[in-house]
Amino acid sequence: IIPVYVFDGKPPQLKFDELAKRLDRRTDATSELERAKEVGDTEAIEKYSKRTTKVTRENTNDCMKLLQLRKVYGISSEDMDSLTFGCPRLIRYFMTPASLKQDCMEYSYDEVLAGLGLTSAQFIDLCILCGCDYMSSIRGIGPVKALNMIKKEGSLEDVIAKLDKSKYPVPDPFPYEEARKLFSHPDVLTKDQLNDGKPFKRSPPDIEGVVDFLVKEKNFNEERVRKSMAKVDESFGKAQQGRLESFFGTATVKKSTLGAKRQEEKAKGKSQGVKKRMGGVG
């Protein structure tokens, strides 16, 4: 497996505005958390600790472009927005520690649409209605209600037009059209700009560069870093990838006997029917 790392770029203005709002809320939560710690309010400490949890965001639109150009197999991310961008294949829990015993989950974009009974445009509207990085959600509308509304009305415009504003107040502003454009036409690199148009391939690791960065700049343990890099270097030096047989032995194929059993039971049933008819004639 050759990983292609995609780092965060500059967020679009619409996302920047929403992130600024979240930062304000997080700052307020941090202040409330410190105040709760001072007075020993355990309930408030638990409440505001959840709000100050740091969340990482992947540059999923660039990942989606890589996948659509067939330069990579899939996107490994915990950000479900990857599917909103039209990512054909999303893999979650890829980097989850083995101690948690969490299997990877692969989501197929086409199967998600088929399962929900939505078009690509309707799926984007559904994700916007549920809440996304680009704007606030409508209070009181969760995933199930949002799905039912989109399937009934057909589009976000029609949902908003028929919405009971007294029961479900729409935030102002609610720039769903801009959010829709960002999902359907994200600002990403062209095919020629991706790795200068060349296919991705592994290059020898810069061990000393990694050690300088992790040990000298980030205070990692040098012995552990060098041991890890030695494994990477050893892996790169192998001429070809090992086959699964070298780990588990030669695979044996077992054919299903279900079809044969059914044929046998069917033939047996016919035979018994013939015997009964013959007995009736005598």
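Glycine too: its Cβ is placed from the backbone N, Cα and C atoms.
Heads up, TrEMBL stuff is auto-annotated, nobody curated it.
As the structure is a computational prediction, the values presented were derived from the model and not from experiment.
Lifted from TrEMBL, the feature list:
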DOMAIN    63-118  domain 'XPG-I'
REGION    256-282  region 'Disordered'
COMPBIAS  273-282  compositional bias 'Basic residues'
Secondary structure of the domain 'XPG-I' (63-118) by DSSP, residue by residue, totals 21 helix, 10 strand, 25 coil
Model confidence over the domain 'XPG-I' (63-118), as mean pLDDT, sits at 84
